[in-house]
Every structure is written in structure tokens, then in C-alpha cells.
Amino acid sequence: MEKLTDLNYTLSVITLMNNTLHTILEDPGMAYFPYIASVLTVLFTLHKASIPTMKIALKTSKCSYKVVKYCIVTIFNTLLKIAGYKEQITTKDEIEKQMDRVVKEMRRQLEMIDKLTTREIEQVELLKRIHDKLMVQSTGEIDMTKEINQKNVKTLGEWESGRNPYEPKEVTAAM
């Protein structure tokens, strides 16, 4: 029954506000009247909704200051959204939470950078060791005279043994 009475009271106050506005603004060409009435209706509704919420919150909460602050910030944020603003009011607690989150993310990224840097240093050292093992070391001058095909290059007199080693030999087999 109390809720019904409260609803009737709310409706009668809204009607009273509308009647008062109609009598004050008798000019039928008033273009801003619907907007003014809407804003006043929203303000009254917020007022009626916030008072019982605040009473319950203050009775049940041990930390009433934070509850009051949170309710006021919520009401102002609602009004800002209704007005079309995208910005919001934040409390110091929310700012501290966001700063803690940012600091935690920065620490995580610094640790990741440190790990990646360590891995890159290890990879560079590994590549240096591989490069050192693969380095060609000069062993001095190698005599390649015996290694190339000299059949078409040297004559019979120029061979060391005096004969061409590439010519076929006569082989006799015993029968």
C-alpha cells in the first residue's frame, strides 16, 4: 500500500509541476516547454529514486561516506548521459584502480621485454659461436698440380715421371 501511495504522490507532483509550468508559460508557441518538462521530470524521478536508496545504503553500510559519494557520482553520471555527454565523473578510488592496472600492465610488458632481450642476446651469442666454427681458416698454399687434369695441358716431356699417367697401360694376362 505504501508503494501505491508513493506512486500516487509521485504522479500528483508531476501533474502539479506540469500545471505550474503551463500556467507560467502560457505562450502556446513556447518551443522549449517539452524539454524543460522532461528535464524536471527526470530530476524529480532521480530525487525520488535516490532518497530511499541512500537511506537503505546508509543503514546497511558501515562506510556511509563512500556510499554517499558513490551514489552522488552515479546520479551525476546518469544526468551527464541523459544530457548526451560521453564523459563521466570518476572518484579517486576508480582513478587509483585504473592507475594500478596501468602500472601492472607496464610491469608485465617490461618483464616481457627483459625476457625477449635476454633471448636475443643468447641468440646472438649462439650465432657468433656458429660463425666462429664455420670460419674458413687458411692453411697455407696447397699444391694443386696433381689435382687438376693435366692430360691436355702438359706434354710428355713436362710430366714428372716422364710419361702421361692418363694413357692406358698394356696389361698382359696369363692364360
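FYI, residue positions are counted from 1 along the chain as it appears here.
Just so you know, glycine gets a Cβ as well, placed from its N, Cα and C.
The structure displayed is predicted, hence computed values, not measured ones.
The Ca(2+) binding site feature in Swiss-Prot is assigned to Glu120, Gln123; the stated evidence is sequence analysis. The number of other Cβ atoms within 10 Å of the Cβ belonging to Gln123 (Ca(2+) binding site), over all protein chains shown, comes to 10.
The annotation N-linked glycosylation site is assigned in Swiss-Prot to Asn8 (among others).
Marked as N-linked glycosylation site by Swiss-Prot: Asn18 (among others). Within 10 Å of the C-beta atom of Asn18 (N-linked glycosylation site) sit 14 other C-beta atoms, taking all shown protein chains into account.
Annotated topological domain 'Lumenal' per Swiss-Prot: 1-28, in sequence order, evidence recorded as sequence analysis. The average per-residue pLDDT of the prediction over the topological domain 'Lumenal' (1-28) is 65, rounded to a whole number.
The topological domain 'Cytoplasmic' annotation in Swiss-Prot covers 52-175.
Here Swiss-Prot flags 29-51 as transmembrane segment.
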Query raised in the report: Other than its own, how many Cβ atoms are within 10 Å of the Cβ belonging to Glu120 (Ca(2+) binding site)?
Result: 10
Query raised in the report: What Cα-Cα separation, expressed in whole Å, is found between Asn18 (N-linked glycosylation site) and Glu120 (Ca(2+) binding site)?
Result: 74
